[in-house]
Structures are given as structure tokens and as C-alpha cells.
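Per TrEMBL, these features apply:
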- 1-20: region 'Disordered' (REGION)
- 22-57: domain 'Fatty acid desaturase N-terminal' (DOMAIN)
- 50-71: transmembrane segment (TRANSMEM)
- 80-340: domain 'Fatty acid desaturase' (DOMAIN)
- 83-100: transmembrane segment (TRANSMEM)
- 174-191: transmembrane segment (TRANSMEM)
- 220-239: transmembrane segment (TRANSMEM)
- 245-267: transmembrane segment (TRANSMEM)
Amino acid sequence: MSNPVNGEEKPNPDPLQRVPYQKPPFTVGDVKKAIPPHCFNRSVIRSFSYVVYDLTIASIFYYLANNYIALLPSPLAYVAWPVYWICQGCVLTGVWVIAHECGHHAFSDYQWLDDTVGLVLHSALLVPYFSWKYSHRRHHSNTGSIEHDEVFVPKLKSGVRSTARLLNNPPGRILTLLVTLTMGWPLYLMFNVSGRYYDRFACHFDPNSPIYSNRERAQIFISDAGILTVLFVLFRVAMTKGLTWVLTMYAGPLLVVNGFLVLITFLQHTHPSLPHYDSTEWDWLRGALATIDRDYGVLNKVFHNITDTHVTHHLFSTMPHYHAMEATKAIKPILGEYYQFDGTSVFKAMYRETKECIYVDKDEEVKDGVYWYRNKI
């Protein structure tokens with residue numbers, strides 16, 4: 001978190017200090033006025049340039065891995081494959097972010113183009129585009145709500161399972177992180193794990209899922225068709241080149257992509273300083289402000305700054321990523337203490353948040369309806 005002092009941004013020496021939970025003294029309109037108008041302009045050419053750039057880098061990594069790793073002696077090959085998975089996975093996470101931007105109608109001024117590009121890119125990464133677009137839209141509409149937010153919804157103390165006590169130690173936290181980063185994404189899509197409560201089975205692949213309204217259900221079939229098409233292609237490739245080729249060239253990087261998107265989302269919405277609200281206190285602006293910017297170093301650029309401009313993204317989700325840094329700088333003086341940033345290293349932060357943010361509970365010192373993370377179980 002940072003505080004504006006004489007127009008300068010000074011880092012808060014204690015990133016764990018609670019941020020304000022009261023209604024802010026500004027409106028969304030006040031914040032928008034501080035942003036240069038051109039930041040809201042979407043350019044088809046510029047947006048496509050990032051798609052072309054990312055896919056070019058991904059193609060280079062693919063070419064090098066496909067043609068040269070097999071020529072290396074065994075010890076080096078065993079090292080080269082994980083290096084390829086990590087590098088390719090980072091680049092494809094950038095592709096994932098662009099498809100996510102399509103879902104927000106931030107890619108271009110044309111909804112049909114955004115949906116076409118998003119469907120192709122997300123399907124290639126085994127993401128059901130329309131399914132996730134609609135559930136993610138509800139996340140943005142209900143951020144910070146313990147009752148209606150869609151993802152990484154914090155548990156109340158009464159909802160903490162007995163297994164949490166067994167895992168509340170260093171080995172247990174590491175195991176929790178490993179399972180979350182490797183299985184969290186498919187478990188969320190298939191079984192709504194870590195998602196909001198529904199009174200019946202919720203699945204992103206089911207057109208009749210309670211996640212969706214009646215007018216959205218037809219497009220869930222399109223998402224499923226996209227996934228089935230890619231799976232069929234992968235099956236045909238596996239029949240031609242072998243399952244090992246598919247696992248090393250495609251599944252390895254995809255595992256990294258899935259891990260990063262879970263990690264990014266987790267760290268943006270899970271922090272000891274963040275408040276959550278029930279229906280008696282929640283409003284959209286305070287909910288949107290209950291998120292935090294992080295620093296992933298050089299990966300900020302690789303991930304198209306979704307990591308360090310997330311507060312801006314939640315306030316203005318149709319803004320293209322290439323204007324988000326400028327917009328973030330412009331709104332910091334307006335947000336003041338309501339702007340949240342934590343530069344703690346990602347590895348340290350992921351362990352700390354797993355340790356400190358087990359459930360949320362009310363605080364006797366503040367008004368009812370406001371919840372804070374707790375770790376004592």
C-alpha cells in the first residue's frame with residue numbers, strides 16, 4: 001500500500017497494515033477523471049501486435065525444444081525440458097491474459113472480434129472461454145463479497161474443515177500450495193472448488209450449471225465445442241507423434257500456465273490487509289478496491305502487467321492492458337490509502353498468505369459486516 005505525500009508515492013513500511021474499510025471519500029467518476037482519456041481507447045492493431053509477439057516467442061521456444069532438446073545428452077535433456085516448460089508456460093500465460101482481456105471486451109471495439117480471438121486462444125489452452133467469461137464477470141461484479149464473489153471466496157470460521165488443523169504447519173502449507181497450483185484450476189472449472197456456494201452442482205462445462213443465466217447457456221455449448229476440438233487435435237497428434245511428445249511439448253507448459261493463473265488470482269485477492277464484506281456492508285467500489293497489486297519482476301511485462309495493475313483492472317476492466325500502467329500511476333493520488341501494493345517476493349508471499357489467511361471473521365473493533373483474515377484455528 002502507498003500513501004500520497006505532496007504528490008509523491010511513498011511505500012508503506014508495513015504492507016500488512018489493514019487498509020481502510022469505510023466508504024471512500026471519492027467516487028468511481030472521480031477516479032476516472034484522473035485518468036487520461038486515451039487510456040480507455042482500444043486499438044485492434046496494437047492488441048493484435050501483442051498476440052503476434054507472444055505467439056512468435058512461443059513458436060521459437062517450440063522450435064528449439066522440438067528440434068534440439070532430444071539431441072542433448074541425457075543429463076542436460078532432463079534439465080532442458082523443465083526449462084522449456086517454465087519459459088513456454090510464462091509466455092503462454094501472457095497469451096492467456098490476452099484472451100482474458102477479450103472476455104472483458106478490452107481487446108477491441110468489436111465484441112464479435114473479442115469473442116472470436118478469446119475463444120481461439122483460450123480453447124487452445126483448454127479454457128472454456130464463454131463459460132469462464134461469464135463466471136469471471138460475476139467475480140468482477142461481486143469482488144470482496146463473502147456471499148457472492150465467484151473465486152477464492154474466503155471461508156468463515158464455521159466453515160473451516162478439520163483437515164485445516166492437520167495442514168496448519170510448514171509441510172502442510174507446502175502440500176496445500178502444491179495441490180492448489182497443480183490441481184486448483186481444473187478442480188475449479190469442473191467442481192467449483194474454492195468458488196462461491198451454489199445450492200446444486202456447479203460446473204463450468206455444464207450449460208445447465210447454476211453459474212449461468214438462461215441467455216448464456218447456448219454459448220456454454222460453444223465453449224465445450226472449442227475444448228473438444230482441441231482435445232481431438234491433441235488425440236490425433238498423440239496417435240501420430242506419441243503421448244510422450246504431447247506431454248512434453250504441450251502438457252508441461254500448460255501445467256505452468258495453470259499454476260500461474262491460480263497463483264496470480266490467489267495473491268491478488270488474498271492478503272492479511274484486505275477486508276471482505278457481507279451484504280450489509282458490501283458495495284461495488286469497496287469490493288473492487290479490496291484487491292492488491294503485486295510485483296513479479298520481469299514477469300510483469302511477460303504477463304502484460306495483469307500482476308501490478310490489478311487494482312486498475314478491477315475499477316476499469318474494459319481498459320486495455322497497454323494503458324493500465326499509465327492509468328495506475330494517475331489514480332494513486334486519488335485512491336491514497338485505498339490503493340494497495342505489496343512488493344514482497346512472490347515465493348515468500350504465497351507461503352505467508354497460505355499461513356495467515358485461513359478464514360475470515362468479524363472484528364469487534366470495527367462495524368459488523370466487515371471481515372478480516374485470521375489464522376488461529
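Backbone N, Cα and C atoms are what each Cβ position is placed from, and that goes for glycine too.
Each residue of the domain 'Fatty acid desaturase N-terminal' (22-57) gets a DSSP state, and the totals for helix, strand and coil are 24 helix, 0 strand, 12 coil. In terms of C-beta pairs under 8 Å, the stretch of 50-71, 83-100, 220-239, 245-267 lying closest in packing to the transmembrane segment (174-191) is 245-267.
Among 50-71, 220-239, 245-267, 245-267 has the largest number of CB pairs under 8 A with the transmembrane segment (83-100). Listed by sequence, the residues of this chain that lie at least six past the ends of the domain 'Fatty acid desaturase N-terminal' (22-57) yet keep a Cβ under 8 A from its Cβ atoms are 91-92, 94-95, 98, 101, 106-110, 113, 117, 121, 283, 285-286, 289, 304, 315-316, 318-324, 326-327, 330-331, 333-335, 338.
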